[in-house]
Amino acid sequence: MSDSVLSNPTRQHATLREILARRDWENPACTNYQRLPAHPPFNSWRNVAAAHQDEPSQRLRRLNGEWKFSYFTRPEAVPESWLQQDLPDSATIPVPSNWQLQGYDTPIYTNVKYPIPVNPPYVPEDNPTGCYSLTFKVNHDWLSCGQTRVIFDGVNSAFYLWCNGHWVGYSQDSRLPAEFDISRYLTTGENRLAVMVLRWSDGSYLEDQDMWRMSGIFRDVTLLHKPTVHLGDIQLTTPLSADFRHGTLDIQVKATLSESEAKNYRVHAQLWRGNNLIGETRQAFGSDIVDERGTYHDRASLRLDVTRPDLWSAELPHLYRAVIALETAEGELLEAEAYDVGFRKVEISNGLLLLNGKPLLIRGVNRHEHHPQNGQVMDEETMRRDIMLMKQHNFNAVRCSHYPNHPLWYRLCDRYGLYVVDEANIETHGMQPMNRLSDDPMWLPAYSERVSRMVQRDRNHPCIIIWSLGNESGYGANHDALYQWIKRHDPTRPVHYEGGGANSRATDIVCPMYARVDEDQPFPNVPKWSISKWISMPNEHRPLILCEYAHAMGNSLGGFARYWKAFRQYPRLQGGFIWDWVDQALIRHDEQGNAYWAYGGDFGDMPNDRQFCLDGLLFPDRTPHPSLYEAQRAQQHIQFVWQAESPCELRVTSEYLFRHTDNEQLNWHITLDDKTLVEGSLPLKLAPQATQTLTLLESLPTVDRAGEIWLNVEVVQPKETAWSKANHRCAWDQWQLPIPLHLPEASCSKQKIPPVLRASDIYFDVVQGEQHWRFNRQSGLLEQWWTADTPALLTPLQDQFVRAPLDNDIGISEVDRIDPHAWAERWKSAGLYQLQTQCVAIQADQLADAVHIVTEHVFRHAGQILLRSKKRWQIDAYGVMTVDVDVDVATVLPSLARVGLSCQLADVAPQVSWIGLGPHENYPDRQLAAQHGHWNLPLDDLHTPYIFPSENGLRCNTRALTYGKWAITGNFHFGLSRYGLTQLMTCTHHHLLEKEKGVWLNLDGFHMGIGGDDSWSPSVHCDDLLTATHYHYRVAIQRH
């Protein structure tokens, strides 16, 4: 390697070997060569009207499409000739894309553990390398004057760039743009860009996020042409008066011009509201005096005052349009830039995070950029769909976890209305200790650029209300330095950072992850107090917003309603961000070509964290998990209180801070089981934060039969919005009405046929008309039930105390070690999956109009009786079999998963009908969104297709169930599934499940909660555990 390359890193004709010998990708002080300074996105319009109307700029040219591509196992394997021409065996690859999804290399999913040996700043010698090239032409007018830039919006993880064989530069940080001036290398006719992308770099140690590790040019590549004298940076702020009636648009402009040229140019600024010009101003270059050395010659400050501006919020995302034009002193336009502007003020005052003077309640979610087919390549349709789904399900905020997003994301959040936490691309979770790099000054340049460049790119977006220094990187001096940098360069927004215990000096907000409502987690040095306790700690006056909570992995989000009760109770608990938005599964195909969802390890990737990437509220195709409805219901902006029966009064409160309910209609109806007794609707007109009492009826309706009476209310939006269709339901609630019933005598038109008991040495047989029951005297089980000689059971009806473990039951045992505290491990250790059943008593009696049978079973493990179940069976003259079950539980057992009955039915009927909670899956600690009603669904719709199979599909608090010929009444939870317990426990992927004969029926008198505060430690609230020593329940079953 020649000394000239070391002393002059910008030497353009250095050989490939000389450049690679520098090993820039293993030098944390070297984050780039020749990369241009960060700035907001530029379009360089040459027409002010086009800038105002946001028309496509003629000076912006996408280079997305098919590029030439060659793959190598290490950068040193790339031949020198590639700099000048494509290799004979080069293929094509789409740009943007991740090369691991195009047939090269392997995607790796890991959460904490680094996918490479930890030896910062060094990375493996075998470092997969992708060599891209594109041949393109440039217009003559671009070559004759001005500057041509190439912009890479996202390349993972580091890359070198050549143009026509000349070395242009180097860059790393996969989530922010890298922009280079290539003007001097371009020629008339064809030009060639060559990009060498390295999978691993020292930057990889700062990108240890919980996600798939993939590589390549995965965001847009663009050519931008600017005039010789051009705009270099623009910063917009919108200070408001104390009463929010007057606003100012402050514009700070920096241009690329010399001191002698400055007098020849000026800046022209316009502010538009739609097609109405609100104001305009012009200003020559030259700043105010800064210090004893003078002024900035290349800067200009402009100001436009606005009276009674329409303020921006997520509820009412009012936007203006600012056009900033660079002109000659005579008024000739050189170029123009334009940005959406939202007038709003973010501040922390008296311990509260305020927007426009109102305390926010963050209804937030963490979102990775993930597409099941395209990996980390995001398209506009997917981004819009995510935003619309968030808005439809009452989210008002999103955290860009854990890196700056595609630039379009912020524009869409501005326009649709979402509060954004913009997060720097820094995570060192796998370091030991975690702050190893964060407290090392050698890594300060890399940290600094990742934070400062994010702020410089994104600061003009009104949707961004909080800056984040990164995620799970411990806490060190680098964080303190960057916190201070942001506070100086953008004092209009608070800074958030969770590391170091969530309440360090580098955060304006106490922002823990997975702190619980009422349980302390006193980890050494970084305790997680219960959230209500945290805000009452001495000298703690900051607001608390959970940066992550409610880990939505698989069948989860149990106990979610408790968080929202606390948020509404304590003003300084200002909400949080659910983890997370979408399951990060990728589409893969089996040997037969069938597509399936793949997770960690499915590509042969090592190391991997298996299905820990499946923790979203949505499936990868954006189909909702049932837990999404729980979030929607808990976060709804309209709250209801049932006040009185006569007259029937309802108190309705709006939690909107800025929005009048001008597109809301309240619908209500009162039902008796499956019958609507009375209903009505009325427009809902509420001012922000207002309460109104509505009289629905003067008196409640009378009823003439037994049943449960419910008042159901919902709020719909009759007109479509930018993010929802007409009649979108945005809020709902219901109450069981305590009405005394005066019922007539019960009567039954069905003919009474007393059952007959027949006893043999092996069986007790009971016959009633066409019905025939058989109890095995040895096993004590209901072995078969015939109707007109057709058998109804494939397996006996028997006790069930376990479930196919949820991710929350398995905990960290599913990753890399066994956790004896996990519920699944406790159940295994207790022997609940290997119980030996013995019938210790069975007795049958013939009564006048019924047969009465008593059975008693004990359940042993390792010789010890753990459970005892006594059942009283009564078969009456109408063919109804009633089962009273009493279960005694040994005190040595952990909480049971369920106490119930299970069997395999022979019938496979298409529809299921029930009266109880529905229509979607619900569990004892996740049923806020479910409603009591009469529901009908196809059998297959009762199953939730979690990618990693587990217990699913329960419906709680059921009063009546009808399935085929079966009719069951009582007070129970039920599940009907084509997949049995054994298969759900042993199968690793949903697509491998095979429908079994018949249908499995679970009837639970009791079911343990599912938890969801997190997925790696037991999180089911004590109220939702089954820790009693005795349980009793009853069901009545008949066949028609």
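In case you wondered, yes, glycine gets a Cβ from its N, Cα and C as well.
Under the heading active site, proton donor, Swiss-Prot lists GLU472, citing sequence analysis as support. Marked as active site, nucleophile by Swiss-Prot on the basis of sequence analysis: GLU548. Residues annotated as substrate binding site in Swiss-Prot, with sequence analysis given as evidence: ASN111, ASP210, GLU472, GLU548, TYR549, ALA550, HIS551, ASP615, TRP1016. According to Swiss-Prot, the Na(+) binding site annotation covers ASP210, PHE612, ASP615. Per Swiss-Prot, the feature Mg(2+) 1 binding site maps to GLU427, HIS429, GLU472. Under the heading site 'Transition state stabilizer', Swiss-Prot lists HIS368, HIS402.
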Inset, instruction - Using GLU472 (active site, proton donor) as the reference point, find which of the recorded positions HIS368, HIS402, HIS551 has the shortest Cα-to-Cα distance to it. - result: HIS402
Legend entry - Nonlocal residues around HIS429 (Mg(2+) 1 binding site), in sequence order (Cβ under 8 Å, 6 or more apart): ASN111, VAL112, ASP208, GLN209, ASP210, ASN471, GLU472, SER473
Legend entry - Chain-internal residues, separated by at least six, CB under 8 A from GLU548 (active site, nucleophile): ASN366, SER401, GLU498, MET513, TYR514, GLY576, PHE577, ILE578, TRP579, ASP580
Inset, instruction - Cα within 10 Å of GLU427 (Mg(2+) 1 binding site) is the criterion; apply it to the recorded positions HIS368, HIS402, TYR549, PHE612, TRP1016 and give the hits in sequence order. - result: HIS402
Inset, instruction - Sorry to bug you, but what's the C-alpha spacing from HIS368 (site 'Transition state stabilizer') to HIS402 (site 'Transition state stabilizer'), rounded to the closest Å? - result: 7
Inset, instruction - Could you measure between TYR549 (substrate binding site) and ASP615 (Na(+) binding site) for me? Cα positions, answer in whole angstrom. - result: 12
Legend entry - Distance [Cα-Cα, Å, rounded] between HIS551 (substrate binding site) and PHE612 (Na(+) binding site): 11
Legend entry - Cβ-Cβ distance under 8 Å to HIS368 (site 'Transition state stabilizer'), same chain, at least six residues away: GLN209, MET211, SER401, ASP580, TRP581, VAL582, GLN584
Inset, instruction - Using the recorded Mg(2+) 1 site (GLU427, HIS429, GLU472) as reference, state which further residues of the same chain have their Cβ within 8 Å of the centre of those residues' Cβ atoms, listed in sequence order. - result: VAL112, ASP208, GLN209, ASP210, HIS402, THR428, GLY430, MET434, GLY470, ASN471, SER473
Inset, instruction - Can you grab the distance from PHE612 (Na(+) binding site) over to TRP1016 (substrate binding site)? Cα atoms, rounded to a whole Å. - result: 10
Legend entry - Cβ neighbour count (within 10 Å, all chains shown) around PHE612 (Na(+) binding site): 24
Legend entry - DSSP three-state assignment (helix, strand or coil) for PHE612 (Na(+) binding site): helix
